[in-house]
């Protein structure tokens, strides 16, 4: 009986062992089949980056749009999905980052005011250069000369006039939570964040500790969400540019190709003549800056949406060496006040309409037009079709017919891609320049991260340290720990 039991145990124990030994053989066969895929995937992850995938997706998108336009239009929702994913995180990302950036670095209200003044001064100077270059270009090339207005129609666009009242209403919202949910209300969100940050500075230490810890954690989590969303970026961007080409076609550029070519060439001149010298004067490392700008620039170009590039632009500028608090203030504010590409476009488009209509403008009248654009082009990023609203208002004030706008509408999607990407480039340049102006570019904290003395974080904010409040908070935290022990 004992032998039978032992024999039984032997039989039972051997069978599973034989089955177990067969599994690695099956797994090894499956592994051999998929091994090349794994090798290729591993190679691509090591040798490529997001920018390369975006470039590849744009090329594929252009090909799909040109040779399969019907299919390209059908996949437009895939591109809109990417923009919607970005828009849903813009509010909490900007708010939390800006609150920790301002309130988490001491109680120096004067520093906040100084940063605001420097940013506004920079914005005004650079956008003025954009207007001047736009006017010079359109007067030299004259893209509107030779057009006939016989087939031009008055575009049917319903707009709300822009006044100082509407400007104030866009800056000061009637609901904080509605502003947080509106991805285009960037300027109102900055206003709320600044007010909230100042209130935190004036609050008691315990309230400061709670709110700073909450916003710091929120900002870090939101940048983790950015990483997840960016994995979808090549698909969304490829679909967006494919649908644009499929709907309008490259052939649509033929009619007013001179206008589109003039805009693209002028924007390149602006980047080389204005932004590059500014970067050189600020002693920015150009190679590193180009790497930081590449991804957000291509995102903005392909989607014609500044919001799609905002999270990645903020993350890249912190990694480039700009302090988080400056990044959180300058870039969102620049989305309303530092629209270099849009400002240049407005100057060029206004004079293009005058040339098509045969309306001659003297130098003095063009200067008045430029001054008008300097005021009306600020702070209207939250307005739908903001560029056209400003353009219509400018044409009306200058007694220029609106009919030539119908020529622009046909190719506005292609021009929007160019001006949006220059807007993003200009804001990232402004962030780096203001950081250098403040003496905070690649500061000690950034060098400690690079050397490994501080942990690297994908999120903008680290633990809030350095101020008297934080010392108090750390002391209280240690006391609590001792009491627990």
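Positions of Cβ are set from backbone N, Cα and C atoms, glycine also.
Just so you know, TrEMBL annotations never went through curation; they're auto-generated.
The transmembrane segment annotation in TrEMBL covers 50-69, 81-103, 115-138, 185-203, 223-242, 262-282.
Counting Cβ pairs under 8 Å that are 6 or more residues apart, the transmembrane segment (50-69) and the transmembrane segment (185-203) reach fewer than 3 and are not in contact. Ranked by number of Cβ pairs under 8 Å to the transmembrane segment (223-242), the listed stretches 81-103, 115-138, 185-203, 262-282 are led by 81-103.
Using a Cβ-Cβ cut-off under 8 Å and counting only residues 6 or more beyond its ends in the same chain, the transmembrane segment (185-203) has close neighbours at 90-91, 94-95, 98-99, 102-103, 107, 109, 112, 170-173, 176, 178-179, 211-212, 329, 332-333, 335-337, 379, 381-382.
Residues 112, 179-183, 186, 189-190, 192-194, 196-198, 200-201, 208, 211-212, 215-216, 218-219, 222-223, 225-226, 229, 232-233, 235-237, 239-240, 303, 305, 307-308, 310-311, 314, 323-329, 332, 460-461, 464 of the same chain lie 6+ residues outside the transmembrane segment (81-103) yet bring a C-beta within less than 8 angstroms of a C-beta in it.
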